[in-house]
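Here is the structure we will look at, set down as structure tokens.
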Amino acid sequence: MKGFPSIVAFFVVCSAVLGYTQALTLEVKEGNSTCIKAEFSAVFSITYNTTNDTRTVSVFLPNSTTVDPALSSCGSNGSVQTLMGKFGSGHRFGMNFSTNGSLYSLETLSLHYNLSDASLFPEANSSEVVVFVLSASMGIWAPINTTYRCLSPTTITLDQPNVTFSDMMLEAYMPGNDLSAAERVCAADQTPTVAPTTTTSAATPTTPSPTPAGTPKQGSYSVNNGNGTACLLAKMGVQLNVSYISQSQNKTVQELVNLTPNLTSSSGLCGGSNATLVLTQEETRLSFFFTVNSTSNKYHLSGITLQANWTDMMTPFSASNSSLDYLKSSVGHSYMCNAEQTLFVVTTFSINMFELQVQPFGVTSSQFASAEVCQIDQDQMLIPIIVGAALAGLVLIVLIAYLIGRKRSHAGYQTI
């Protein structure tokens, strides 16, 4: 049947589309020993310039990605370990891990993409290789001899590009060639559980075991102007990722803390070009600073400050960054992102945001205006559409091929 090759070709295309969303496995070896093993899928959201406009594309890390042995390393004596993957026409993606002897963590992410690759960046007005490097606390860590697992989508911002990981299982500084059975599970994969009630003697004080942070609940927050009308609105789940010196352990620990909406109060200020949202929960004070660009009439989150004095902190914690560029949207619109986002502030502090909608300017009638959706949500909506269209096309081709074959079989019985 002549239509059969078309069907085969279509299956190949569908497999390619679906294959780019599947997890791949990368290993860094030294001799016969594996020091880094990473299983994950990743999609990069990259904005680039053409002659006439600016475009944003989603680049899926393909299954054909391989480890670049010249740029990957197992290190020595606890030094930095590096996984560098290469794919396509001159593109690279790297991870650097470090350890303090008891745990390992992802310290640096890097992305090199080649704008001369017209298959990914059509009509780009440059042919340069663009490099982005992020060195910050990303919350990807685990004790030595433990696998880090996070199957839920997790988005990390590399300044301008975003990378969304999913189906992730990885381990660095490995003792063997297989991932360890023990796992540290990310907050997004955890389901909070209620600890069983126990009875203890009053003379024997006990220290409760740490409870997984889980996914934070979405809270609704607002700032009112002088006449009591809301001038800033925000809905979001907030999870703080903080590294500090533990008084009881006398070493640096990393802790995830969720803001609880019914225990968190909001305050702040509204202005023509600047707005502030302050969230306070007991000994935690988190401030967001928004700024308007009068030229483009767009706003963005320009600064974040955290002040905390938790029970086990050796000294009160304080961190601030006033040169951020997150949550960009147009004045008169809200910014919305249902996917988890990680906002990196400083090396010891980042925020995981969930189910976010915020509008710091142009609020009327105490309601959100129409939303500009983040690129991550757009990408996640696009994949089911592509797959659905591919399957619909496949059904159509099979139907056409069937009708053609049926017509030819009837023609064979015509009388002479």
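The backbone N, Cα and C atoms fix where each Cβ goes, and this holds for glycine too.
Quick caveat, the model's predicted, so the values are computed rather than measured.
Of the cysteines listed (CYS74, CYS186), TrEMBL assigns CYS186 as the disulfide partner of CYS150. Within the domain 'Lysosome-associated membrane glycoprotein 2-like luminal' (216-363), the DSSP-based counts of helix, strand and coil residues read 3 helix, 98 strand, 47 coil. Around CYS337 (disulfide bond), the same-chain residues at least 6 positions away in sequence with a Cβ under 8 Å from its Cβ are LEU327, MET353, LEU356, GLN357, VAL373, CYS374, ILE376, ASP377.
For CYS35 (disulfide bond) paired with CYS150 (disulfide bond), the C-alpha to C-alpha distance reads 20 Å. Geometry remark: CYS74 (disulfide bond) versus CYS150 (disulfide bond), CA distance 23 Å.
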